[in-house]
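Look at Swiss-Prot and you will find 4-24, 45-65, 75-95, 100-120, 141-161, 165-185, 226-246, 264-284, 304-324, 347-367, 380-400 tagged as transmembrane segment, backed by sequence analysis.
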Amino acid sequence: MKRLHYAWIIVSVTFLILLAVQGVRLSFGAFVEPWERQFSIDRSTISLISTVSFIVYGISQPVIGRLVDKWGARAVLAWSALLTGVSIFLTYLVTSPWQLFLLYGLGVSLGVGGASNVAASVLVVNWFSKKRGLAFGIMEAGFGAGQMLLVPGSLMLIHWFSWKLTVVVLGLLLIVIVFPAALLMLRNNPSEKNTEPIGGLAASEKETAPKTTALSVAGMFRMRQFWFLIFPFLICGFTTVGLMDTHLIPFSHDHGFSTTVTSAAVSLLAGFNIAGILLSGIVADRWSSRKILCILYAVRALSIVILIYSHEPYLLLAFAILFGLVDFATVAPTQMLATQYFQNYSIGLMIGWLSLAHQIGSALGAYVPGVIYTVTGEYTLAFYLSIGMLVLASVMNVMLREPAAVTRDSAAVVDK
């Protein structure tokens with residue numbers, strides 16, 4: 001029997017880390033109403049906590065990319081998971097809103113920022129020369145699995161017991177299970193296990209060697225491809241983690257849907273999110289990532305149209321299925337394009353900039369709809385704003401050139 005390559009252990013452990021850490025982050029919406037009642041604060045204030053969290057997360061991403069280059073992805077992922085666990089556990093002791101800003105807005109967010117796809121993506125690149133799109137898909141499926149398990153799980157624990165017991169359970173999951181698994185099982189490079197990456201050593205060395213280029217980082221900012229990846233990914237953050245992960249549960253309750261229906265919708269969304277992530281990763285190995293992204297953003301806009309008219313449970317569930325299929329499915333194609341367009345740059349640094357853009361979008365997507373809700377008493381205007389932004393993101397991906405053409409042009413410039 002052929003022995004399982006350790007690369008699959010690596011991607012499985014990163015899946016577990018993202019499931020737990022990002023699942024904690026994605027569960028924020030479950031705590032919105034309990035915290036409103038507990039601390040007598042309005043929706044916009046709760047949204048501001050989420051916004052601060054996204055800003056801290058986002059600002060940390062380029063720094064995390066540098067830390068991964070310096071200390072290795074294993075250390076960054078493991079200790080970040082521990083920081084997230086300790087911070088969410090300590091929210092049990094919170095007695096006023098400023099403490100939530102400190103523990104969740106700062107502590108949890110720094111931990112989540114470290115245990116993100118910046119460090120995890122570096123592991124995938126180091127361990128996979130081939131089947132990289134599939135590996136990215138499996139890794140990113142951790143987001144969907146965390147959403148499917150921890151968000152409805154948090155909802156039910158809050159419903160049956162209390163939000164304080166829920167944060168204790170989430171904290172112990174990270175401290176007792178995830179942190180030891182990351183520390184004991186992750187390895188930064190195949191050489192640490194006396195093996196080669198999937199696809200061969202030569203290809204991996206070419207991809208992961210220290211990046212040297214005549215172009216400055218400022219030159220990267222002047223590249224059209226940089227901004228045409230960054231801005232749609234900002235819109236991605238606005239419409240997924242910002243808008244839906246913060247406001248979908250309150251929206252559902254405002255429309256009179258029960259906790260059972262809301263949990264079913266969240267679970268369906270997360271389940272189809274996993275399917276969409278895996279499918280997009282597989283397709284990204286075989287087809288144009290640029291065209292995939294164009295389709296994904298357009299379908300996401302269509303799903304929000306359905307949500308606007310979701311006055312019956314079956315429409316809410318239909319939205320959940322369609323939105324789930326395209327939720328985090330944008331990540332693998334975006335990362336594939338980034339590694340193809342910017343081959344001369346640090347992988348961790350480039351993914352860090354993408355993640356920063358995503359978190360800026362997430363921060364705006366959490367706060368702006370909260371303000372709109374406070375002013376108008378509904379989310380309709382926020383949904384129409386999101387639809388317009390998604391159409392723009394789809395068009396911007398149409399306007400991108402294929403990576404092969406960009407690489408040929410860059411090579412021609414170097415030859416001259």
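Backbone N, Cα and C define each Cβ position, glycine as well.
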Most Cβ pairs under 8 Å with the transmembrane segment (45-65), selected from 4-24, 100-120, 304-324, 347-367: 347-367
Within-chain partners of the transmembrane segment (141-161) [C-beta distance under 8 Å, separation at least 6 from its ends]: 14-24, 26-27, 29-31, 34, 169-170, 245, 249, 259, 262-263, 266-267, 269-271, 273-274, 276-278, 324, 327-328, 331
Sequence-remote partners of the transmembrane segment (165-185) [C-beta within less than 8 Å, at least six residues beyond its ends]: 9-10, 13, 16-17, 20-21, 24, 27, 30-31, 74, 77-78, 81-82, 84-92, 150, 154, 157-158
Stretch among 4-24, 304-324, 347-367 sharing the most Cβ pairs under 8 Å with the transmembrane segment (75-95): 4-24
Long-range environment of the transmembrane segment (100-120) - Cβ separation under 8 angstroms, sequence gap at least 6: 14, 17-18, 21-22, 24-25, 28, 35, 39, 49, 52-54, 56-58, 60-61, 64-65, 67-68, 73, 76-77, 79-88, 90-91, 94, 139-140, 331, 335, 348, 351-352, 355, 359
Most Cβ pairs under 8 Å with the transmembrane segment (380-400), selected from 4-24, 226-246, 304-324, 347-367: 226-246
Close approaches to the transmembrane segment (347-367) from elsewhere in its chain (Cβ under 8 angstroms; 6 or more beyond its ends): 44, 47-48, 50-55, 57-59, 61-66, 68-69, 113, 116-119, 121-122, 125, 207-208, 217, 220, 226, 229-231, 233-243, 246-247, 334-335, 338-339, 386
